[in-house]
Amino acid sequence: FKMSISSPHSSESSRRRRPTEHTQSCGNVNNFICPIHHTCDDGWVEIQSKRIISAENEVEANKLVNNYRFGFRKWKSHVTERPFEDRSEVVKELYSELKVIKPHTGHLITCGNIAYLFLFGWWVSLAYFLVSMLMFITVIGLPYGRLCLKLSCYFLWPFGKSIHEVLRCCEQAPDCECNVEEADDNSPVLLPSPTEMPIPDFSGQPQQTPYWHRFSTYAWLLLGYPPLVVVHSLACFLSWILVFTIPVSKMNARTIRVILLLPPEDVSRQGCETRALLCCYHAANWYYYKFTVDGINVFAVNLLPLVIVAMVIGYIDRENQYASSEVKFAIAICSIIPLSYYIGMGIASISAQSNFAVGAVVNASFGSITELTFYITALLRGHRAGNPCLQEVVKAALTGTLLGCILFIPGICMIIGGLRHSEQTFNSRSTGVSSALLFISVGGVFAPTLFSKAYGNLVCDACTNSSGGNGTSNSSGPFICHNCHYDLVIIFFSILVRPLVYTVSALLPIAYIIGLIFTLKTHSHIYNIRVGERQETSHHGAVVHWSRWRSLVILIMATVLTSVCADLVTEHIQPILNQPNISQYFIGVTVLAMVPEIPEIVNGIQFALQNNISLSLEVGICIAVQVCMLQIPILVLFNSFYDVGFVLLFSDLHLWASIFSVILVNYIFMDGKCDYFQGTALVINYFILLALYFYAPSPAGC
């Protein structure tokens with residue numbers, strides 16, 4: 001499958017086409033039919049500037065198309081299994097089983113191998129030495145004792161060495177063909193079975209006792225095998241968690257599963273009638289950040305156990321005897337990261353396997369579920385506890401998400417992409433549509449705040465004058481007041497401000513729907529996305545990682561677990577908010593706002609590295625638009641049915657920081673080009689705003 005996407009600039013020669021040629025070719029752009037009173041110059045120019053992007057199958061093509069649709073989650077990872085033979089040699093190496101002997105010409109003394117010696121090698125080798133002594137003491141375990149001594153030397157420095165299995169068929173059947181060159185390295189290793197019958201001795205050698213009929217076997221399985229399983233399991237777990245040392249994890253897992261269950265006489269270092277079981281050259285590979293398990297990145301897989309840990313210590317250790325509230329908060333907030341990744345994978349999988357309508361519904365329903373779950377949970381807990389500070393934390397998190405998606409995500413993508421590509425271009429017309437929606441959304445969200453400041457009453461507390469008075473009528477001189485804010489009387493709020501909030505909350509989703517219709521239906525040609533005809537290849541059909549039903553089940557489960565983790569975050573956040581040296585605003589705009597968006601940041605960076613900066617910019621802008629046009633109206637709607645005290649009025653710092661960010665990012669997007677300098681400007685301004693929040697006092701009463 002091929003998908004053609006136009007670049008933002010066209011050649012001069014295409015602009016000099018005749019109008020008749022324009023009219024004839026116009027209808028081929030996304031089946032867009034030009035009205036009679038229009039010329040098709042723009043459409044013809046866009047056709048001439050298309051570049052072809054290939055997709056492996058129809059499902060991947062749909063996913064790529066969805067990436068360019070407004071309102072759809074941008075997803076970098078594949079939702080289908082890629083043919084292994086089409087992968088690069090670097091990727092093939094990541095999934096190798098460490099049982100293929102290769103001609104190695106590089107150095108074996110590397111930083112990763114030396115790190116293995118100090119992190120794993122010495123204590124795994126020591127464990128084998130101790131087990132060998134134990135087996136020697138039993139006398140009947142002498143063969144296993146000798147094997148453990150050999151393996152002790154091997155695991156101290158296994159690089160460039162190999163472990164082989166003796167092929168007994170060569171000793172018992174003269175016609176058996178087995179040598180190192182002809183043996184199939186990918187064939188499964190035949191493990192000993194209790195039901196094996198002794199094979200007649202064809203070579204005249206004495207018949208050996210079957211594996212399961214030996215006393216040494218049971219002595220080994222009772223005394224030697226269990227401690228080594230514990231040692232290898234610990235090494236396997238630690239090396240898997242470190243990600244880049246996954247080869248060490250594979251080596252330990254294969255040892256437990258295969259080598260330690262073979263008869264000791266069948267395990268040798270090398271021979272002409274043997275088959276390789278284990279061969280490792282490097283303990284670390286920096287490309288393992290690309291490693292996936294069932295389509296899920298290894299980092300997300302490694303973080304998933306945090307969900308279980310958070311629930312166990314959060315609901316069992318109620319008295320904080322084993323873990324403090326700060327630790328529980330940190331584990332709970334980090335557990336939201338893999339759940340956000342699984343939710344994104346589920347949305348992308350369903351959208352890629354469904355039609356446009358189903359994909360739009362799924363994206364609208366689950367696209368903001370992580371953030372909404374946290375916000376609603378925090379508002380409910382604050383209402384039940386009578387703690388208005390959690391409402392301010394929610395507003396800070398909303399503003400922090402807005403600022404991070406407007407400044408930080410585009411900025412960091414521009415920097416990383418600009419370091420690889422000196423200058424990147426993007427479709428300024430499509431980005432202009434998103435920027436216009438961003439202006440509308442920010443203006444609508446902060447309209448009640450501006451209205452209240454224009455017509456509310458300014459109230460100041462703790463006023464003093466220069467003469468030392470306390471602000472009474474007898475005092476004279478200029479007053480110095482602290483904690484000034486606009487106070488809304490109940491009548492003014494209920495008659496004017498609340499109806500304005502409801503009006504804005506009704507208009508913003510309507511604007512979002514109009515934006516969807518404009519970008520996906522009536523003016524979809526501005527994105528110039530077209531899936532070409534199917535290419536005949538050797539791969540028939542696509543094998544998806546997750547089916548639609550599986551994706552739906554995972555979405556529901558991840559949503560439920562997210563609500564549980566969000567409840568734990570809000571339950572244990574109070575000690576964090578009570579820190580005297582950190583503003584509650586700062587906690588809201590950083591930790592609570594940006595941690596759930598880490599998968600989106602990773603996707604944006606990956607797009608930028610592939611010189612697809614358009615998608616990197618859309619990642620942040622689309623999230624910001626959804627915050628204003630979907631998440632905030634949903635919170636207002638929820639508050640109207642169940643009053644939790646959520647009022648759509650923001651502090652001055654939230655107001656001016658958001659307006660400044662929108663103006664700045666629209667100025668950066670004007671020319672349709674970007675580089676690392678412009679990205680640095682966005683990131684620096686983001687950190688300046690974070691500094692403002694860090695030194696700002698906490699909300700009044702908190």
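Backbone N, Cα and C define each Cβ position, glycine as well.
TrEMBL assigns the feature transmembrane segment to residues 431-451, out of the candidate ranges 431-451, 557-577.
Residues 73, 75, 296-297, 300-301, 303-304, 306-307, 309-310, 313-314, 317, 320, 366, 369-370, 374, 554-555, 558-559, 561-562, 565-566, 568-569, 571-573, 575-576, 591-592, 595-600, 603 of the same chain sit 6 or more residues outside the transmembrane segment (327-344) yet have a Cβ under 8 Å from a Cβ within it. Sequence-distant contacts of the transmembrane segment (356-376), counting only residues of its own chain at least 6 positions beyond either end whose CB sits under 8 Å from a CB of the stretch, comprise 66, 71-73, 336, 339-340, 343, 346-347, 350, 394, 397-398, 401, 516, 520, 555, 559, 562-563, 566, 569-570, 592, 596, 626-627, 630-631, 634-635, 638.
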